[in-house]
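> The following block contains the structure, expressed as C-alpha cells.
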Amino acid sequence: MTTVIMRTTARAIVPIILVVAISLFFEGHNLPGGGFIGGVLTVTAFAIIYMAFGLDFLERGILGRDVDPGKGPSRDRVVVAYRRLFAYGFAIAVGSGLVPLLFGRPFLTQTYESLEGVPIYGYLGIASALVFDFGVYCVVVGGLLTILSVVGAE
Amino acid sequence: MTATPGGMESQLVIAPMVVVLVTAVGSLLLSRRPRARAAVSIAGGAAYAIAVGAIDWYIVLAPDAPGIATYQVGDWPAPFGITLVADGLSAFMLTMVAVLGVASLVFSTRHLPGGGGRSYYFPLFHFLALGVTGAFLTGDLFNLFVWFEVMLMASYVFVAYSGGPQHTRAAFWYVALNLLASAIFLLGVGGIYATTGTLNMADLALRLADPAAYGLDPVPVVGLLGLLLSVFAIKAGLVPFQFWIPTAYRAAPPQITALLAGATKKVGIYAIIRLSFTVFAGAEVAVDFPIPLLGLSIAGDSPLPFVGAALFLMAGASILVGGIGAVGRDSMEGVFAYSSIGQVGFIAIPVAIAATTIDPGLRELAIVAALVYALNHTLAKGLLFLAVGAVRSATGTSRFADLGGIASRSPPLAIAVFVGSLALVGIPPLSGFFGKFLVFEAAAKARAGSVLVLLLVGSLLTIAYATRTWNRSFWGAQTDAVETSTVDSVQVAVLVLLAATIVAVGVGFEPVYAFAEAAAEAALDTEGYVDAVDPIDASELDDSTGGDH
C-alpha cells in the first residue's frame, strides 16, 4: 500500500479528515456529531497514515524516536500512550459526570454558558457536555488506536 | 427543568453504579502498580457492598422505608431521560451480586489466572459488575440493552482470557451467539417503541394498561415480548438456548465463571420477571393461542399466559438436559456448568407458575420461590465455581481423572464444598432447602402434578451429580496432583465464609424470606412502580411549547 499515489493522497486528505473530526467533535452537543464520531474519524486519519507510511512511521518519522524492530507491538511507547489516553479519557468522562453532584444536581447533569460579544464569533455557547464528549473522544481514539496498532502488527 | 425530588434515598439509587465506575477508572489508571490496583479494587468492592446494604435498609427493609426510590440521571424527567429505579426486586438482586462479587474479588487477588491481559483483569471485573448493576437498576428498556452490552463486552474478554485455542473457539461462539441475541433484543426494543411510542418501563406499563387512551394497538407487543423473552432466555441459559454455557463456562477463569453463573444469569431471570410482571402484566391484550397437538389453548387477557407456557417448556427441558448432562461430565467445572442449566430451570418453573396462575397469593408465593431459589443458586454455585478455582490453583487440574482425596488434604476446602453441594441438593437447614421447598409448594398449590414429577426427577439428578463430584474428587486416596498441592489459605477462607453465609441464610431464614417477599411484592406492584417513576404524559407537552428544554 505504500505507493507514491497513496502517500500523496494521504498527505492531502489526512488534514482534511482531522479538521472535520474536530468540527464534528465541537458541535456534538447540539448537532449531529460528538466525541464518539469525532474520535472514530480521527482514528481513520491515523489508519490512513499507518497504511500509507507503515506502522513505525509515527514513532520514527514524526516523533523522531528509535524503534527497536524486535519488540512486541504492545510495548511500543506510542501504544502505551494510546492505552493511557483511553484510561485518562475514561476518567475525564466519569469525572465530568461526578461534578454536578458537588452542586447538588443529579449525576451527568449538563449546563451551558453563553458568551456575548466575543471577537470574530460574536456569540459563543460553551456547553459543559463538551468535557464529557472530550472524555469519550479520548476513550474512542485511545481504544481504537490500541487495537489498530497491536492487531495491525500481528 | 424541575429538580429531582432529592433526599438520601434518591441519592442511594445511583451510589452502587458511581462506586463501580470510579473503581473501574481507578484500577485502569493504576495498571502499573498491581498492589495498589488490588487494594483499590477491594476498597471499591467493600464500598459497593456498603452502598447495596444501604439501599437494602433505607429503601426496602427499614420500618419507615419508602419501598422504592428513583433517580433521574442528568436531571431529565421521565420518560425522556434515563430513570434509575431501586425497589425490592432490584435490591434483592443487587444483594446477591454484592455478596458473590466481593467474594470473587477477594479470591481473585490471590491467584490471578494467567494469560496476556493480566493488567486488565480488575478493570474488566468492575465493568462486568457495572453492567450487572446497571441492568438491575435501570427503568428504561433501551438502557437495559446498553447494560447488557456492557456486561457482554467484559465477559467476551473473560471467555477468551486464557488465550488457548479452545478458549478462542469458545469466545468466538460466545461472541457470535450474543451478537445475534443483541440484534434480536434491539429488534424487539425497536418494535416496542414503534408500537407504544415509549421505552420507559413505567410509561410502557401505563400505556399498555389503557391502550385506547393513547391510541395504540397493543397486539404486536405479545410477539415482541416473545422476542425479548428469547433473548433473556439466552442470557439465563434456558433450553433450547443453553448450548453456549458449557464451553463458555469452561473457558472463562473459574472466579469469573462464578459471577457468570451467579450474577449475569440472574440478570436474564430478573429481566424476565421485571418485564413480564411489572411492565406487561397489566397489558390489555386478548391472547388466544391454540396448541393443536394437545388440544389445549392458552387464553387470557394479558400476555402472561403466553409467557408462562413458553417458560414451562423451556424450564422443564432445562431441568432434564442440565441434570442428565451434568451426571456424565469428566471435570468439576463441566458438572457445575451443566448443573447451572438445570438449576435455572428450577428458578424458571415458579416464574412460569406465577405467569399462568390468576390467584394473586400464589403468584406472589411463586415469585418468592423463584427469588429464594435464585439466591441459593448464586451462593451455592458461586461457592462451587470458586472451589474449582481453588482446586485448580492448588493442583493445576480440575479433571476427575487426576483428582481424589482432597478431603484429607484440605478439610476446610472440603467442608465448604460439602456445604455448597448440600445446598444445591436442598438439605435442611441450608438455604437450598427453603428454595426447593418453596418451589415444590408453589407447584403443589398450582395443582401441577406433571411439574411436581419433573421437579422430583430434577432433584434426584442433582443428588446424583453432586454425589458423583464429591466421590470422584474429594473422597478416596490422594492422587499425585493432590498430594503435592498446597491450598491457598485466603481462597479457602473466602470459601468457608461463603459456606457460612449459606448456613446463616438457612438458619436465619425469616429475614431473608421477608426480603424476598418485599421483592416479590415490588415485582407485582405495577402501580407503585409507575407512581414512583411518575412519567410525564408526553402527549400533553405537545400542546404547550414542547417542554422547558
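Just so it is clear, glycine is given a Cβ too, placed from its N, Cα and C backbone atoms.
Predicted automatically and left uncurated, TrEMBL annotations should be read as such.
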> What range among B:247-266, B:267-286, B:507-526 does TrEMBL record as transmembrane segment?
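Comparing B:247-266, B:267-286, B:507-526 with TrEMBL, transmembrane segment matches B:267-286.
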> Choose the correct range: of B:366-388, B:412-434, which one does TrEMBL annotate as transmembrane segment? Give that range.
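Spelled out, TrEMBL records transmembrane segment over residues B:412-434, not the other listed ranges.
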> State the residues, same chain only, that lie 6 or more residues beyond the ends of the transmembrane segment (B:171-194) and have a CB under 8 A from a CB inside it; answer 'none' if no residue qualifies.
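For the transmembrane segment (B:171-194), the far contacts come to 141-142, 145, 148-149, 152, 155-156, 159-160, 204, 220-221, 223-225, 227-228, 230-231, 234-235, 244, 247-248, 251.
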> Below 8 Å between Cβ atoms, which of the listed ranges B:38-60, B:119-138, B:335-355 makes the most pairs with the transmembrane segment (B:144-164)?
B:119-138
> By a Cβ-Cβ criterion of under 8 Å, what residues six or more beyond either terminus of the transmembrane segment (B:12-31) are in contact with it?
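Here the qualifying positions are 37, 40-41, 43-45, 47-48, 51-52, 54-55, 58-59, 69-71, 73, 84-86, 94, 98, 119-120, 122-123, 126-127, 129-130, 133-134, 137.
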> Counting Cβ pairs closer than 8 Å, which of B:38-60, B:80-107, B:267-286, B:306-328, B:335-355 has the most of them with the transmembrane segment (B:446-466)?
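It is B:306-328, which has the most Cβ pairs under 8 Å.
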> With the transmembrane segment (B:267-286) as the reference, which stretch in B:38-60, B:119-138, B:221-246 has the largest tally of C-beta pairs below 8 Å?
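Comparing B:38-60, B:119-138, B:221-246: B:221-246 has the most Cβ pairs near the transmembrane segment (B:267-286).
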> Are there residues at least 6 beyond the ends of the transmembrane segment (B:38-60) whose Cβ is under 8 Å from a Cβ of it, and what are they?
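The answer is 8-9, 12-13, 15-16, 19-20, 22-23, 26-27, 30, 66-69, 86-88, 90-91, 94-95, 97-99, 101-102, 105-106, 109, 122, 125-126, 129, 515, 518-519, 522.
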